[in-house]
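Written out below as structure tokens is the structure these notes cover.
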Amino acid sequence: MKDWLDEIHWNSDGLVPAIAQDHKTGRVLMMAWMNREALSLTAAENRAIYWSRSRGKLWRKGEESGHVQKLHELRLDCDADVIILMVEQIGGIACHTGRESCFYRVYEKSGWKTVDPVLKDPDAIYPAGH
């Protein structure tokens with residue numbers, strides 16, 4: 001029997017893009033990367049675990065901020081190269097800027113406009129030096 005992780009088309013770095021959506025509203029909260037271990041642990045622990053390319057290690061969403069993403073459903077797209085995580089966003093903040101979503105800017109002819117408010121100051125969320 002084929003392992004479910006073998007069905008995923010990982011990129012040349014062994015990663016797959018993962019989009020987190022609110023399981024109730026469908027709002028896109030963020031995009032991050034997952035490697036095989038991150039996806040396997042996400043399924044096993046029922047919480048979002050990503051691969052941090054900048055830190056080169058697993059990143060359990062909410063490990064510093066407390067803003068954990070509880071997993072409700074995993075979906076794989078038709079090309080098997082993008083994952084969607086349907087999550088419950090604990091604390092209502094997914095973005096390191098203190099906003100609900102990382103997608104808080106809208107394009108207008110004059111450029112990108114910030115349309116979503118900061119819900120909590122990032123300095124109050126993360127330890128010094130973040």
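Note: Cβ is positioned from N, Cα and C throughout, glycine not excepted.
For D81 (Mg(2+) binding site), the same-chain residues lying six or more positions away in sequence with a CB closer than 8 A to its CB are I8, H9, N11, V16, P17. As annotated by Swiss-Prot, Mg(2+) binding site applies to D77, D79, D81.
The secondary structure of C78 (Zn(2+) binding site), as reduced to three states from DSSP, is coil rather than helix or strand. Per Swiss-Prot, Zn(2+) binding site is recorded for C78, C95, C102.
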Local Cβ density at D77 (Mg(2+) binding site) - other Cβ atoms counted within 10 Å: 13
C102 (Zn(2+) binding site) and D79 (Mg(2+) binding site), distance between Cα atoms, whole Å: 25
Check: same-chain CB within 8 A of Mg(2+) site center, minus D77, D79, D81: H9, L76, C78, A80, V82
